[in-house]
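Everything below concerns the one structure shown next.
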Amino acid sequence: MTKRPEDTRVVVGMSGGVDSSVAALMLKEQGYDVIGIFMKNWDDTDENGVCTATEDYEDVIRVCNQIGIPYYAVNFEKQYWDKVFQYFLDEYKAGRTPNPDVMCNKEIKFKAFLEHALSLGADYLATGHYARVDRTGDEVKMLRGLDANKDQTYFLNQLTQEQLDKVMFPIGDLEKKRVRELAKEAELATATKKDSTGICFIGERNFKTFLSQYLPAQPGVMQTMDGEVKGEHDGLMYYTIGQRQGLGIGGSGDPWFVVGKDLEQNILFVEQGFHNPLLYSESISAVNISWTRPHIVGENGELTCTAKFRYRQEDHHVKVKMTGEQEAMVIFDEPVRAVTPGQAVVFYDGDECLGGGTIDDVFKDGQKLSYV
């Protein structure tokens, strides 16, 4: 950075949570010209009739007043509906398990919101994500957050070089425990507020109830691969590969898991055993691949690296073979359990997040598995 902090304007995306509150506090203490902005992306009254966005914005106002920075709210409900929620519904309709947080970061936080921040004369957009940006070389690199348990690069895999150039992650070098301590030391209003979970901006509501408002559920047969009927499912969209909870199959022996779906016949396939061979695959096809910087893949279109197929999963050694501009086959060194179409595959080289894509089809012994 060539500008001095006091001449550098940073817009902080504030959610009303402790992470973004501490991000804003740190930047203010470092001397930056900081503006706090709250994004309203969803008309969200929860099951109890409480509008959580109103509560969150009130917390943003309290924190901004405490640390002495201006604050605003912006509304991206239409963009969120068009770019994220519609995709989310379409994927569920297709029997897949989407990751709306990845799409939200790609289309809203680091696209629509970043553009808005730059239009306000901001030099950077900062968020409370657990990730790091390395600007020491010619290209900007995105690194995992220092707190391995909280690292969020999995959800940020679609960020491009142009976006990373304009982004700051102030808490990426901290452990969650330290973030809480800093908030308490500064007596921030959000210091003891619990972390939000649930879908990006939709929050912690009953998922089945929520989804059924938009997609009519179609109950059907739940059976083994040999055709033995085990009960009825509530609708294929409510189940994901490797799922154990909510199947309602009694009896003795090993627990039951979802091992496949037949969308045309509306059948949910289940089998017993956590390590059931049907849950393991050897390769995937991936689409919508994006790299965090150019020239990551060799001229032969291949790359050897590690990958995650779901959040907080250990890294798996893989070989990536590009089959198109944004498509690839990803071959695993060892079989991996419960790799699920619609989820993100994210590539790493040590601490660096190289990029990622969406899992399309899943293969074993050269055969496509009946995952949708």
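Cβ atoms are placed via backbone N, Cα and C, with glycine included.
Residues annotated as ATP binding site in Swiss-Prot, with sequence analysis given as evidence: GLY13, MET14, SER15, GLY16, GLY17, VAL18, ASP19, SER20, MET39, GLY128. DSSP assigns MET39 (ATP binding site) to a strand segment in the three-state reduction.
Neighbour density for CYS104 (active site, nucleophile): within 10 A of its CB lie 27 other CB atoms from the protein chains shown. If you look up Swiss-Prot, you'll see CYS104 marked as active site, nucleophile, on the strength of sequence analysis.
Sequence annotations record features per position, and here Swiss-Prot assigns disulfide bond to CYS104-CYS200. DSSP assigns CYS104 (active site, nucleophile) to a helix in the three-state reduction.
Around HIS129 (site 'Interaction with tRNA'), a 10 Å sphere centred on its CB holds 26 further CB atoms from the protein chains shown. Look at HIS129 (site 'Interaction with tRNA'): DSSP puts it in coil. Swiss-Prot lists HIS129 (among others) with the feature site 'Interaction with tRNA'.
Taken from Swiss-Prot, the feature active site, cysteine persulfide intermediate applies to CYS200.
Counting only same-chain residues six or more apart in sequence, the Cβ atoms lying under 8 angstroms from the Cβ of GLN343 (site 'Interaction with tRNA') belong to THR97, PRO98, ASN99, PHE309, ARG310, THR358, ILE359. The DSSP secondary structure for GLN343 (site 'Interaction with tRNA') is coil. Annotation comment: Swiss-Prot describes GLN343 (among others) as site 'Interaction with tRNA', evidence class sequence analysis.
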- Around the Cβ of SER15 (ATP binding site), other Cβ atoms within 10 Å, all chains included, total 21
- Query: What's the CA to CA span in angstrom from CYS104 (active site, nucleophile) over to HIS129 (site 'Interaction with tRNA')?
  - Reply: 13
- Helix, strand or coil at GLY13 (ATP binding site), per DSSP? strand
- Message: I need the CA-to-CA distance for GLY13 (ATP binding site) versus HIS129 (site 'Interaction with tRNA'), whole Å please.
- Response: 10
- In whole Å, note down how far the CA of HIS129 (site 'Interaction with tRNA') lies from the CA of SER15 (ATP binding site). 11
